[in-house]
């Protein structure tokens, strides 16, 4: 109420200043937005400059009106009995300009990062490149916030030595409380540095027992979507000692099957093996530059086992299943064409005709 009464009783010169400041602030806000909007739409300008102008577009209004309010406060102090130290107003002005600059830097980083992500989306290594760009963007964000924090402490004349002394007193407690946060942070950093997987890739861990498609790599945890369509959130510290398999980066998919034929068809095994090998060597979906083996491997309990070992050209899981089905059906046709049959578990019972044989009773 005291401030309100001071403002009401202000001399006429204050109200003139108030009108001028508000009018100039409104005009400047409109002009700045018009100019920046025009520059953003100029395709002849370099892309980085247009991105920078776009980053200024929204904060510019806040900057103009913020400085208008600061000028208004200064006018009130000069024309009324309102007591606000000039040093405090100066600190507020510095803080406002600092936050404005940080806001622009973060907006520019976000827009430039988005453009880079779109630019590399057509590359073969798009997933890895995009993950690296996002990681660098996060590091840049942390750097900006750190610099802003240091400057804020300097503006308000906070002694770092005193702050560090306080940190030393509570450092042990904070260390125990924050060790998981630190571990997860460095785990996320190592994910981005090592680039063992990226967003959109299918990963699995035999020792940590998780599997799914990576949807997000954060600083604290990573989100994957299981094949049951359930989101799973994994702390990044888990990846420090996790064994990670990345099927998405395979060059080929393997077909490894054992086919059994009857013992009665032992003389036909050699021709069956040769025909299967010939079929695989001419199959359009089989990569002949990789290992291709077809061999009679062992005598099974009820079958002569032939092992088929080869690689498909595609790594797509669905296509691989179709190819494997086609190969197995062709093998079945080959066995049938050779006059043999696929074996199945059988048991032979021998009956004795000797009436004098001890029945065991």
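Backbone N, Cα and C atoms are what each Cβ position is placed from, and that goes for glycine too.
Per TrEMBL, the feature transmembrane segment maps to 12-36, 56-77, 83-106, 131-152, 158-177. Per TrEMBL, domain 'Mechanosensitive ion channel transmembrane helices 2/3' is recorded for 138-179. Look at TrEMBL and you will find 180-247 tagged as domain 'Mechanosensitive ion channel MscS'. Residues or ranges marked as domain 'Mechanosensitive ion channel MscS C-terminal' in TrEMBL: 258-342.
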### Residues from the same chain, set at least six apart from the ends of the transmembrane segment (131-152), whose C-beta lies under 8 A from its own
95, 98-99, 102, 105-106, 109-110, 113, 116-117, 120, 189, 192-193, 195, 198-199, 217, 219
### Message
Can you work out the mean pLDDT of the predicted model over the domain 'Mechanosensitive ion channel MscS' (180-247)?
### Response
88
